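Under the heading domain 'Major facilitator superfamily (MFS) profile', TrEMBL lists 6-393. Positions annotated as transmembrane segment by TrEMBL: 12-30, 42-63, 75-101, 161-181, 219-241, 253-275, 281-299, 361-388.
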Amino acid sequence: TDPGPKTTVIRIIYLIAALDITWMFVQFSVTPYLAKKLGFDTLWFGYLQTMVGVAQLIGGPMFGRFADVFGARAALSLACAATVVFFVLLAIAEYPIMLFIHKLPTVFMHVLPASQMVVTDLTEPEKRADALSKLGLCFGVGMIAGSTLGGHLNTRYGSRFTACFGAVGSAVSLMLVLRFIPKTTKVQHPRTSENKNKSIFNMGEITRLLKFPGVAPTFTVKIIAGLPSGIFQVMFSIIALEFFKLQPEQNGYLMAYFGIVQMVIQGGVIGRLTARFSENSLLNLSIAVAALVGLAQAYMQNVFQFCVTVVPMMFSLSVFNVITDSILTKSVPSSDTGTMLGLCASVQSLLRTVGPTVGGFLYVNFGVSSIGFIQFVVNAAVFMFLLLRPQTH
């Protein structure tokens, strides 16, 4: 096939992903204030976040499987439609229980993993990490646009208008999907004997992927090395408030700074690195950097020092996530990339589910530095393990 149509689809996917992240960050600017207004305290707000984590943890692999079986268009339409419902429920939320009901559609809201699947299906293996990192660039754009937009709309027009705005925006994303995304993006039709089993809820179909060579160790590394930095990310809003004593506006600037750093790394740096070095050595590098970042964050005293650690932190996080996703999708047949990426997404959800609990416990009992030290110890151990294991590739 000539590169034209493929490139168009990939560009549209980048647009859909950027829009989706924008709507998500618009929602982040509404929910905390609305929760406060409806009388949620920090503990209940934590339960709300955990519920989202659990919903996405369950939904991720099933959604990925759904995408593999029914194709990209069906999967993305489902995700965008769920987002519309999610915002409508947010707009009409007047009682605390409504906030919990409004989180139910998050089971299906996997626009990013579905986008990753399309990009994976339409790129050659050697270009894959670069193309996946460009999706991270969309994340940065959406993060900055959404935070800014959400903050403005919420301050000027209130939370209900902002939620309706998100619903309309998600509907626009849905139109884009229906108009431009092909029914399936798989190269060969998955009519092989393996995919005869059309069940989406079949755990065997999902766990079977872990039996492919190289999948289980990489997956284990993804969970273990990802956990400490995941805890830090989840705890960040509390650390910003209490440890750095930042105002909401300053916090917004810090988030924008995060976004810009991430965009530079994912848009400009990762592609160049993957062209030059092997994925294994990049994985080792990202874990080593993460260990050092943990050590630095254990000793940091003020926001300025933290801002200095953000660059290597975002670097190791971005490289780590992109490279592990890339290695894992290459280890399975193309008919299973969606399920694999769904599993990868559920690792993130798992971190979001256990992160607040573990992070809160550490923070309250041992202070901020404990989170950094744990990151250092865990990543150093994983790094040693990776260096000492026999190289299979």
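Just so you know, glycine gets a Cβ as well, placed from its N, Cα and C.
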Leading stretch by Cβ pairs under 8 Å, where the reference is the transmembrane segment (161-181) and the options are 75-101, 253-275, 281-299: 75-101
Within the predicted model, mean pLDDT of the domain 'Major facilitator superfamily (MFS) profile' (6-393): 84
Positions whose Cβ lies under 8 angstroms from the transmembrane segment (42-63), at least six residues beyond its ends: 31-32, 35, 75, 78-79, 96, 99-100, 103-104, 106-110, 113-114, 200-201, 206, 339, 342-343, 345-346, 348-350, 352-353, 355-357, 360
Chain residues in Cβ proximity to the transmembrane segment (361-388) (below 8 Å; excluding those fewer than six residues from its ends, i.e. six or more beyond): 221, 224-225, 227-229, 231-232, 235, 238-239, 243, 280, 283-284, 287-288, 290-300
For the transmembrane segment (12-30), distant same-chain residues with Cβ under 8 A (at least six beyond the ends): 76, 79-80, 83, 86-87, 90, 111-112, 115, 118-119, 134-135, 137-139, 141-143, 145-147, 149-151, 153-154, 159, 162-163, 165-166, 169-170, 172-173, 176-177, 180-181
